[in-house]
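Enquirer: What follows is a single structure, and I will ask about it in a moment.
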Amino acid sequence: MEYHCVLFTVLLQLIIQPGRSRPTITPEGPRLTVPLYSNFSLHCQSNSTVRWQHENRPMRTLKEEQRQGQQTILKVNRAGPQHLGKYSCREEKTGEKSSIYVYVKDPENPFRRTIVFDIVAAEGDTTVIPCLATDPDMKNLNLQKCDGQPLPNSLRYSASLETGVSVEKVRKEFEGCYVCVGTLDAATVKSGRYQLTVRLVPDAPPPITLGQPQRVLLTQGEKLSLSCSTSNVNSDIAVKWKAPNGVNPSVHQNSHLLTEPITHVRTAILSLSSVTMQDAGNYSCEAINEKGTTAKPVWVNIYEKGFINITSVDNSTRRVRAGESLSLRVVMNAYPKPHTFSWSYSGVKLTNTTDHVITSRTHGNSYTSELKLVRLKVSESGIYTFSCLNRDATIRQTFEVHVISKPQIVSYEGPIDGQVRCVAEGYPTPQIKWYYCDLPHSRCSNLLNATQEEEDVVTVTMTNPPFGKGAVESRLNITKNNYATLECVASANGEIVYTLFSISENTVPHELFTPLLIGFVAAAVILVLILIVLTYKYMQKPKYQIQWKVIEGIHGNNYVYIDPTQLPYDHQWEFPRDKLRFGKTLGSGAFGKVVEATAYGMSKADTVMTVAVKMLKPSAHATEKEALMSELKVLSYLGNHINIVNLLGACTVGGPTLVITEYCCFGDLLNFLRRRRVYFYYTTLGEDAYYRNVMMQSEPNDSRNGYMTMKPSVLGILSSENRRSLNKGDSYSDSDAVSEILQEDGLTLDTEDLLSFSYQVAKGMDFLASKNCIHRDLAARNILLTQGRVAKICDFGLARDITTDSNYVVKGNARLPVKWMSPESIFECVYTFESDVWSYGILLWEIFSLGSSPYPGMPVDSKFYKMIKEGYRMESPEFSPSEMYDIMHSCWDADPVKRPSFSKIVEKIEQQISDSTKHIYLNFSSRLPAAPGPREESSSHVHRLNSVGSHSTATQPLLSSNDVFLDRSSPSHPVV
């Protein structure tokens, strides 16, 4: 049948409407029916090149003609069963396509003829029975069993004339013969028979069974044979061996089938005819199925010759009471298998009897031999020897067995010539003591008023053999005393025997010294105990140590620290004590405190400056005093930097040591972040604030880790530029400074502030590293903020009581900030520049979590240490840009060498902060003189920022190079 008129009309419509994006197929409609062996044509109209597809496959066997213009014509001559199906016209550029389904009507075959009647489906999959109708008028297409039996209850399917019957979630019980049934012209028609076979699918990777232990021992020249088997519910399984590099074994495989249940078994056998030392290593058997891969290792050890190594042995010296039993055991590793196990006693080989029971056990290359000695006699004391031999080695292990016997008094006599004599024997050799009392025929040692005779006693050891009983003789001279009864007591190993001697005259011994001696000893013991307790309490007190360490030299991984006590101290730092007026305490520890103070004439006679003074408490000891002096020397050695708490002066003569440093009005960074949480505005890099963090609440246990809160919070909501700018006016007074501090503390906090804090701390740490100084306790609690939100690194040292600070955990005999420490510092006590970089990464996490505790919800216990060893790292905090988290993660590299230096970190953060922040920081830095020198005073253009600067040249070396001024004539810039 030809369709030229229809096609011509459609072509005219396409020419009139050329803007359509999808190709158009004519004849129109979803399907086309053509008689068997007739010709038909399909026209595709498109603005670009198209390709015809049949059943979603490219057309290769059918004629395809490309004509001029926008039309592609597909011509099919003598349409047969193979031409039935869906035809698609697909644009090559856009992938857009249109489709039409062609029925090739065959009166004799209502279903398309096919040669595929065996269908294999995986269990759980959806499979299609391809019974495609040749006539679109077929009705009621359904699926039936070939034998007329009902379908399985759980079988669910969908039927379509164009796609066939789709069976969902195939199960093993669906296996069988099926036929498609439909109605055509009121008659029932059936398709051919389809045999459905369901292939079982495993639910897990395959199991592996090794034919030998996982540790195989061989000597050079022997044959290696390793066997590995696996099984699977279907035949889609493979097993193979992996050998160490350079080893080329032969591998033989075989398989067999088990029927109930059906199981496919595969075995791989690896062989080496003659092994060498290079063949040793880790061999791995791998089994693979549809669910994955399973592997089991086999360690092959090659030795030049055989060996026997004892791995466990009972105590070689054994003591047992007579009549008890004793077991002697030896555990050893050996290869090849020992051919001789033997036990001997005093050189005589023992046989397996009821008195000497010998047992042996074998597990792989481990062998155990045990000798049980039943109801030992004293005469069986002596040396027992275990011997083991194999082809190449011999070992011997000896045991000394001592049989404990009760002491016995074997003879006694007297009194004769003013002496009594007592002889005892046993093992161990007994001890003899003499007691006397005034009661006749009584055991003196049981009486409360019994007296032990220690004078005029002569004791001689008669025999003391290495094994068996020893004998001892004791003689007592009684010429000087008169007794009613004498008692000879022999004791050994908790056993006691005695004999009594009756004396004719009775003289009660003098007991004057006994109570005095007891009282003296008791008093001495009490005094010693008190001294021990006091010493222990003193040793347990926390010792103040300066955390900052200055390195003298680096030799590989070994750092040589400078003894800070050996550093020089320049007395130009001295400041008169009477010019300090102390205020409130800013921080306090076990041995010291930091106090706010006012310094008069620090840089000029009429200047007044707010400073922080670190001092010791009266309870401090000499070690703490020396440590504070060391801290003073280290600060003077380091020099000044805008991002560390700089030294302003000191008082070391005429009283206790005072260290005068800059006063930071906003306290520590940790509590500053926690106070500002409710005013935090989250911003993306380079943008103004757009999100206010109103959901976060202050943590109930905010610790005062350093300075107490200086000023009340004042709510301020300004733009990111105005919020950072300082007030500028014609004059500047102390009330102006207080007002400015109150306003700035109340201002909002945004992401640019957090980046600024991170940048400043990195700059400060880079400075310390350039001075070969290691911090060892870098954390937000040890960062102080001053006016302009300038961050300064400090070491609280004695100003913090670490015994009450939960951030410091007892480890050994010290309290350490474990959650801030690198793995090498925790497990190896190694502190380096790289360990400071790790702590800096934790500090970044604190900053971008707005003061949260690191590793939230994780106590410092054995599980915590295990997770750190296994590489656990914290996830990105809530307000951290991805670039900053990348820096954190690089700081936490397990390999210290791969961690970035502080100079690299500074470069990375500089890429994130805004140009205005960089300009502010450079402005501050450029106004920080590099060396002491005179400075002209200009009251109209400069003003003081607390103790960060002064109005004129100071006599103190560091103070003169530590002044920071803001030029009132310069444009207003945000303060970092």
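Here the Cβ of each residue, glycine as well, is placed from N, Cα and C on the backbone.
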Enquirer: If you check Swiss-Prot for N-linked glycosylation site, which of N309, N923 comes up?
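Expert: Going through N309, N923 one by one, Swiss-Prot annotates N309 as N-linked glycosylation site.
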Enquirer: What is the disulfide partner of C177 among C131, C146, as given in Swiss-Prot?
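Expert: Within the candidate set C131, C146, Swiss-Prot assigns the bond with C177 to C146.
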Enquirer: From the candidates C5, C44, select the one that Swiss-Prot records as forming a disulfide bond with C89.
Expert: C44
Enquirer: With the disulphide bonds as Swiss-Prot has them, who is the partner of C422, out of C285, C388, C488?
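Expert: Answer per Swiss-Prot: C488.
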Enquirer: Check Swiss-Prot and name the cysteine among C180, C228 that pairs with C131 in a disulfide.
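Expert: Between C131 and one of C180, C228, Swiss-Prot records a disulfide, namely with C180.
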Enquirer: For the candidates N449, N701, I need the one that Swiss-Prot annotates as N-linked glycosylation site.
Expert: N449
Enquirer: Please compute the mean pLDDT of the model over the domain 'Ig-like C2-type 2' (100-199).
Expert: 91
